[in-house]
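Trainee: Checked Swiss-Prot, it gives:
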type: ACT_SITE; residues: SER424; note: active site
type: ACT_SITE; residues: ASP692; note: active site
type: ACT_SITE; residues: HIS722; note: active site
type: COMPBIAS; residues: 616-627; note: compositional bias 'Basic and acidic residues'
type: MOD_RES; residues: SER552; note: phosphoserine
type: MOD_RES; residues: SER554; note: phosphoserine
type: MOD_RES; residues: SER595; note: phosphoserine
type: MOD_RES; residues: SER627; note: phosphoserine
type: MOD_RES; residues: SER649; note: phosphoserine
type: REGION; residues: 616-652; note: region 'Disordered'
Amino acid sequence: MDLRTMTQSLVTLAEDNMAFFSSQGPGETARRLSNVFAGVREQALGLEPALGSLLSVAHLFDLDPETPANGYRSLVHTARCCLAHLLHKSRYVASNRRSIFFRTSHNLAELEAYLAALTQLRALAYYAQRLLATNRPGGLFFEGDEGLTADFLREYVTLHKGCFYGRCLGFQFTPSIRPFLQTISIGLVSFGEHYKRNESGLGVTASSLFTSGRFAIDPELRGAEFERITQNLDVHFWKAFWNITEIEVLSSLANMASATVRVSRLISLPPEAFEMPLTSDPKLTVTISPPLAHTGPGPVLIRLISYDLREGQDSEELNSMVKSEGPRILELRPRPQQTSRSRSLVVXFHGGGFVAQTSKSHEPYLKSWAQELGAPIISIDYSLAPEAPFPRALEECFFAYCWAVKHCALLGSTGERICLAGDSAGGNLCFTVALRAAAYGVRVPDGIMAAYPATMLQSAASPSRLLSLMDPLLPLSVLSKCVSAYAGAETEEHPNSDEKALGMMGLVRRDTSLLLRDLRLGASSWLNSFLEFSGQKSQKTSAPTVESMRRSVSEAALAQPEGPVGTDSLKILTLKDLNLKSSSETSETPEMSLSVETLGPSTPSDVNFFLRPEDAREEAEAKEGLSAKDGSSRVSNAFPEGFHPRRTSQGATQMPLYSSPIVKNPFMSPLLAPDNMLKTLPPVHIVACALDPMLDDSXMFARRLRALGQPVTLRVVEDLPHGFLSLASLCRETRQAAELCVERIRLILTPPAAAAAAAPPPL
């Protein structure tokens, strides 16, 4: 059903239902139902022209006709999903409104929630129109730190978002993944209620289980608390929540469901410099120094995963670097025979917004990759922000990559084919490590597979970024906190600075006692909250419920103790050095801890975001049409007269626009790298999500590489959220998306001659 037909059908049904409930007397429920259908009619009629104008030019921003993907298309698709749900619900109401089994309260609550969502989507459509009218031809990102980007951030903190996290949670995604998203949201708000109320991380998790019931049975309460958490809590909260999967119990359960491998070892690479041959002249070498930024030289942890035990993986030299992860488990199986070294090697960088997770979190799907690819995999445990901001993670990943290339025999590989693979933040590191390898003149990988990568860390409005208003896994406020932490804007805080003095056994005793206390408090809190919730329900007033919930959340979660002064001198010096050398006014590449003279310019003077002349004319005509409709294309004109989006009830919050020159560094935002740097990249294969707020990062990066004649492919999976690799075993759709990533890696690891022989003959 096309957009216009869907809108007309919805308007007709809304008018019919509105007339019916208007004739049902002066009752409050009938009045609210009549009003909600009147609102649906108004918003649908106002939204349809805006979506039509976006859809008419969306094809101009695709990589090619076979890859129809960009933020404009995604926004239109999301709005269509909301319209489709309202159409289905309106038909149901029209068919069952006279039945004695018609659940009036339930249907009213759902209709009101989706009406709120439709209203906010209309606001986003108007913002997308302004982006289209303001951006340069062919550009998806608004260029500049102020202007539309700053305006959108100011609007974002005032827009109501709770409707997207309650009854409408995940409506845009495939139905099979929505129960998981609901579980995550319930866990998040429960975890947030106890964050910093207890000192034991395991205790917080246990207490959250007892208080999650009321959030499960009241979607409006859950949505309001989800909105409060995403806007107010700092990056340390998100780091703690995302690291729940690191708990031994949960990681053990995940590993039980994953493939069984012969080798899974944590290896500590010593911080010792070594020599690497130059690709231009193997007789010459360059020194690869250990990571130095912020904290000085230190070891780099990598995890070696191999389905079979291969030659070199059990050598004395490698065993001397193995780091213990706990008590050894008695191996009752016969010792496996060593197989020959693989010709391939995969170097993986995990995601987590640069602030959370480790190779352990991503081990389940990496084990499957090792089995399917028949190649050893090393996953880098790089240091995380805010304790170790840029460029520490890049330095560690580059050091580990060079070490793996030099010592691939110890890893069970001959190193004939090497692939870099990563998701989200790890995808960013794939590109920047390859760029740095080319700058040093050492071997670059044979290819890159990046899943939903972040290539633009500068604050910049784009159509896909608008989706962060409703994304349950990647809200804009959370994305902003992660980027600020990686850029060094977030202050490093250590609320549990006394842990080092306790020692290992002291920590165990403390956490055990705290866990028992938390279980007692959690059970009592659950009973009290359930009784309180029941009493509030009987009064049929929603505002007191939200207010009491808001008071029940520890206010300490909104304030952080200031860290010690004078302990971060090396970190401060590094940030000052980066700020001084990353000025957008200069043409020199900012030197990092490992300086290289020939990295190229940091300001992308030869970056070309322009369309072909014929496409530019078509887009210009569309802009003229938008200006004529709106009366003006000025940024200050937010919405048409008479339309008012819903505003948040959470109070005023601040989302500062972080515009440090560091985020414009091409080793932080590879999309901003100049052409001469991007030409050094190997073949790139990107797997993106159509509904990901970072979709435009993938689309624009692929378009830049394609314009430079670089080999690049872009595959876009539908109806899945950001981070689907960590959900690979959840449903059929995520498994298929993960298999697509494996297929791209296999393509990189296949030698060109073998790939040409396996290709089908031309028709």
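For all residues, glycine too, the Cβ spot is worked out from N, Cα and C.
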Trainee: Taking SER424, SER649 as the recorded positions to compare, which has the smallest set of other Cβ atoms within 10 Å?
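Mentor: Per-residue Cβ counts within 10 Å for the recorded positions SER424, SER649 bottom out at SER649.
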Trainee: Find the one among the recorded positions SER424, SER649, ASP692 whose C-alpha lies closest to that of HIS722 (active site).
Mentor: ASP692
Trainee: Relative to the Cβ of ASP692 (active site), which residues of the same chain, six or more apart in sequence, are found under 8 Å away?
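Mentor: Correct list: SER74, TYR452, SER464, LEU467, ASP471, LEU474, PRO721, HIS722.
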Trainee: Which whole-number value in Å describes the distance between the Cα atoms of SER424 (active site) and SER649 (phosphoserine)?
Mentor: 32
Trainee: Would you count the other C-beta atoms found within 10 angstroms of the C-beta of HIS722 (active site) for me?
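Mentor: The answer is 26 other Cβ atoms.
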